[in-house]
Structures are given as structure tokens and as C-alpha cells.
Amino acid sequence: GVLLNLTDAYEPLSRIIPISKNKLTPYRAVIIMRLVVLGLFFHYRITNPVDSAFGLWLTSVICEIWFGFSWILDQFPKWCPVNRETYVDRLIARYGDGEDSGLAPVDFFVSTVDPLKEPPLITANTVLSILAVDYPVEKISCYVSDDGAAMLTFESLAETAEFARRWVPFCKKFSIEPRTPEFYFSQKIDYLKDKIHPSFVKERRAMKRDYEEFKVRINALVAKAQKTPEEGWVMQDGTPWPGNNSRDHPGMIQVFLGETGARDYDGNELPRLVYVSREKRPGYQHHKKAGAMNALVRVSAVLTNAPYILNLDCDHYVNNSKAVREAMCFMMDPSVGRDVCYVQFPQRFDGIDRSDRYANRNVVFFDVNMKGLDGIQGPVYVGTGCCFYRQALYGYGPPSLPALPKSSACSFCCCCCPKKKVEKTEKEMHRDSRREDLESAIFNLREIDNWSLLQTTTSMSGPCLSPR
């Protein structure tokens, strides 16, 4: 058993699975055939102008060429799609599991704006699915960005933090999937199947009753927020709510979970949960969601500074509790991790009929185009459900520039075997000057690596990460 684990630890954490030629060849043949027909069509159109309406003919030909060019561009991502397979068991064999594992910390970002348009109950379900993911709890932090500075969002998040103390241990004890209470309890399946734990039925009924009470409390907060008092909202200590003016207020940060003593009902530690509402001032462009993400990057860098960031919209919950581990199979793989900037997860949608008559599942985009782009270079970022390498957000040097000089081992060799000095060409001197300009503007990757290692040894394992 030990030999097997050691063998798994040195195996690749993921692999590319090419699409079968039996599936690709007919599709490519159809593309080529349509391309030939398109070429013949354009040849006919250009060689047969309409002299009596030359302007109209020229306009129609230009439009047809543009649409044809757009169609050709649309075929490129579909020419060489790939599938990817991850090996979570190898990840565990290499980095371990539990409190002493070498898995990297991850910061989750959840963004919301208007709680009356984006129901707090949906946001609460998203947060609960994050807090209950199958990952070491001390390495998970959830940041909720409230761009509307709404007291309703703040109070509903406080209720969510309290409910999480019961929901998280329930999910982990019985391996619940999905770990979003609203969708878990609405499933029309036999929940007794494969659940042999004698206390499961009793605890599930109690948990469902607790969740119904939680929904009542959230709905009561929503009903209360329908009518804003003339003097604005007031907090429990009598001071006015800082976000009464959503366009002019100071920054607000509140740590709900992750403080000393914040544990679930079984006495286990819970992931961190932080409420953030960035400062707003009139006359400044805040760039909406992008600005909110930038603010979360800065706040999280001070509190937890996890090397990886996974952002979600408030209505996109984590459907698979092991999704973070699958992302780490790419990010933490020594063979491919240094070349990976982000891992984009596909989106799946609930409440759609089986035949998907209105194409709401975006099957062509996620299962064809995105996999095709992955076969070329990489998928595009779709704004949510994406795991980022934090260092990549701070700056990289272009790979076309010459490599940095090697370390002192090379200088020792040069002393023994001196080489003839080669004069630089004008092109090389220009490239060196570009590198100097670049290095003065961005972080040197070698310095970042050394700093990250120092930060890991001094901060990430120490108590200063626990918000006070």
C-alpha cells in the first residue's frame, strides 16, 4: 500500500484525452465541404456583378464576406477539442489530506449588488456550498462583496454564518451532494439509498426543519427591508448604518467566521467568512464587478493571502464538493502548474426541461467551443466559476524576452573555463533594454517565489492569519 501511494505521488495529476477521430473526422469533413461551397459562392458573386445596382451589390458582397469570415473564425475553436481528466487520489497521495496536508489555501470571492434583485437566500446557499466544500477548513476563506452596501445582505450573512455551524458538519458527516440546502432538499430522489448510517434519517429531518426556520428568518429580513426608514437604517448599538447612501460610504469589513472560538456544533473549526463592502465616493468610477473583484484581491491579500482565488456569482453555487481539488490537480501539478493562469469551470443550470428547448444550458459554448479553445491554447474567462493563480494577477513578463541569467553554479564553471566574450547585436541590446524596463514595472518572478516561500513559513502557518 505504501509503495502504491508513493507511485501515485509522482504520477501526473491530470491528462489530456483527445476526442476520438471517429467523431472528429466527419465533423471536419463537413467543415471543409462547407468551406469549398462558400468559396464557390463568393467566386460566383464577385465574378457576376450587378451593373444596374452596383452599390447595393457591393454592399451585399461586403456583408457576405464579413459573415463568411465570422463563420470561419467560429470553426477554429471546434477543430481540435480536448477533454481533461484529473486524478484527485494522486493529489492526496502527493500532498496529503486533513490539517497537515500540503494543499494550497484558496480564497473564494462571491459578488452581489442589490439584495432585492438578487435574493439573499440564493446568496446564502452559495456561501453555504463554499463553506462545506471537501477541502481542509483552515485553507478555505469566503469573501462576500456587497457592492450595494445593503444592511439586508449584512444581516442575512450573519444568519448564514449561524446556520453554517449546523449545515457544514451535517454535509461532511454524511457526504451530502450537492452541499447547497435549497437544491439538496428539493431533489426528487430516494435519499435513503446508500445511506446506511443509523442516525441519518433523524438528522436529515432535523436539518430540513432547521433550514425551513432559516428560510423564514431570511424572508422576514427581506420583508423588513422592503421599506427603508426615512432616517435610514440603524444598527443595534444605535449608530446609523454606514451604507445608508450606497454611493457614498466608507469601506466595511466584518469577519463572521474564522475568529478564535468560531466552531460548528460538533466543535470543529469552520472556514473563514468575511463580509466586504468597498468604499464608494461620488465622482469616481468604481467599475462595478471588476472594481469589486479588485477590492477583494486587496482585502484578501491582507487577511489570508491565499495563492489561489476562485470567484463566483451570488447565484452560482458549488455543485461538486471536490471541485476545488480538481482545480488543484492543474494548479499544483509541478509539470503544468507554472504555465496555468486559471482554470475555468463550466456552468450548469437548474430548472431547465430535459430537452432544453431554449438552449439555456449553453451546451455548444461550454462543451464544444470551450473544449476546442482548450485544444488550441486555453478557454476564455467567462466571469464566474474560475480559479485564478493570484500571482498571475500581479504581473508576468512576456515569454519572448531572453531568460534571466543563471545562478552562481554557472559562474563557477565560467571561472574554470572562461568563454570568449561575444559582442551583442543591436537587436539583442534592444531586447535587453526592454527587459530592464519591464523588470522595473513588474515583480521579478524569482523574487516573488522567494517572498511567497517566506510568507508561507512566517504567516500562513501562524496565528496572524486568524482575523482578530
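All positions are counted from 1 along the displayed chain.
Glycine is treated like the rest: Cβ placed from N, Cα and C.
Keep in mind that TrEMBL annotations are predicted by a computer and have not been checked by a curator.
Taken from TrEMBL as is:
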type	residues	note
TRANSMEM	25-42	transmembrane segment
TRANSMEM	54-73	transmembrane segment
BINDING	S111, K117, E118, D147, K288	UDP-alpha-D-glucose binding site
BINDING	K289, D313	Mn(2+) binding site
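Counting every protein chain shown, the number of other Cβ atoms lying within 10 Å of the Cβ of D147 (UDP-alpha-D-glucose binding site) is 21. Counting only the Cα atoms, the space from D313 (Mn(2+) binding site) to E118 (UDP-alpha-D-glucose binding site) is about 10 angstrom. If you measure from the Cα atom of E118 (UDP-alpha-D-glucose binding site) to that of K289 (Mn(2+) binding site), you get 14 Å.
Other Cβ atoms within 10 Å of the Cβ of K289 (Mn(2+) binding site), summed over all protein chains shown, number 16.
When the binding-site residues S111, K117, E118, K288, D313 are compared by the number of other C-beta atoms lying within 10 angstroms of their own C-beta, K117 comes out lowest. Between the CA atoms of D147 (UDP-alpha-D-glucose binding site) and K289 (Mn(2+) binding site) there is a gap of 8 Å, rounded to the nearest whole number.
A distance of 7 Å separates the Cα atom of S111 (UDP-alpha-D-glucose binding site) from that of K289 (Mn(2+) binding site). Residues S111, K117, E118, D147, K288 make up the record's UDP-alpha-D-glucose site, and a Cβ search at 8 Å around their centroid adds T112, V113, D114, G148, K289, A292, C314 from the same chain.
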